[in-house]
């Protein structure tokens, strides 16, 4: 790291030489500004910029990460003017750039007569992997109302492109512009559609190394799938970002007045508009007027999601949707990044003790970063800390994966 004390000292000397203090007032003003600047810099370096906490019981997995994914052991310097979790969460979609990605869309059929929209980034110009049959493939799962157009998905594809990999984005049913053919959407607990997609992608490229990355609800869905399948999956490994570990704790946190105002209400209206497009199809099974009256995610899940997937109560659904219960059964290497100031996944609900009991699991916990925030640099348009974790871990798995459990 830089010599911050020396830097601030030189800066203050430079400013004093530039501003000739002609009268008492401006001198005091300058001293105050400099004093505040130095104090803020000291506070930031002592309390904000920190190394993440790496939780992993398996020494080999730890050594593998330290060698091939060193970003998880380095100090994370959040953007100095917006390090607070809520601010990072709110600003990221507006600040970060949107890399250009040309997709090839594929609609696949499901056993119940529905359809799933996949967006492929084939990377046919890959110089590292010119043979498409063995080109490593990353399956990407966006968040609750997210699609292949989210900036964080575009950035992951951009990172994968530079490494020569192929990506495919799993858009949840009815969310990416395609029609609903049956009155069914998606939820964090039901892994049937994800199983269909993984089987399909693997059958197209059976010789290609294959892994997955899930963000927010996509991460929860992926963890629930891995907890269910154990080692019986074609995936080599998985990366999970900003997952909500315990849904009861997540919705409770999001119902606090400020969080409701900033996130919960908006998220609820997003959910409502995503199903309102399919109103004619869904009206066969639901009282849509009642669903559209929901003012919180919990009310929406009570009237809609838990009913659609046949749960006796919303508590049964939330119990089933919480990945913390499935973590002990995960059978492939999984890296999970969370920030402890994420209001969508409160720190006390992160299953640190359970993670320590599974040799396949590593948690990376930052002190700042919010929910899918992880902004860094003075003007954080390009790459976030999350993007760098994604890039290094995916590359580590594809290029050195055989070393994870043989080191």
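For all residues, glycine too, the Cβ spot is worked out from N, Cα and C.
Remember, predicted model here, so these are calculated numbers, not experimental data.
The feature transmembrane segment is assigned by TrEMBL to 20-45. As annotated by TrEMBL, domain 'AB hydrolase-1' applies to 136-377. What TrEMBL records for 216, 342, 371 is active site, charge relay system.
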Residue 371 (active site, charge relay system), number of other Cβ atoms within 10 Å: 26
For the domain 'AB hydrolase-1' (136-377), mean pLDDT (0 to 100): 96
Listed in sequence order, residues with CB under 8 A of residue 216 (active site, charge relay system) and six or more positions away: 142, 143, 144, 146, 241, 242, 243, 244, 344, 371, 372
Those residues of the chain, 6+ apart, with a Cβ under 8 Å from that of residue 342 (active site, charge relay system): 85, 89, 242, 369, 370, 371
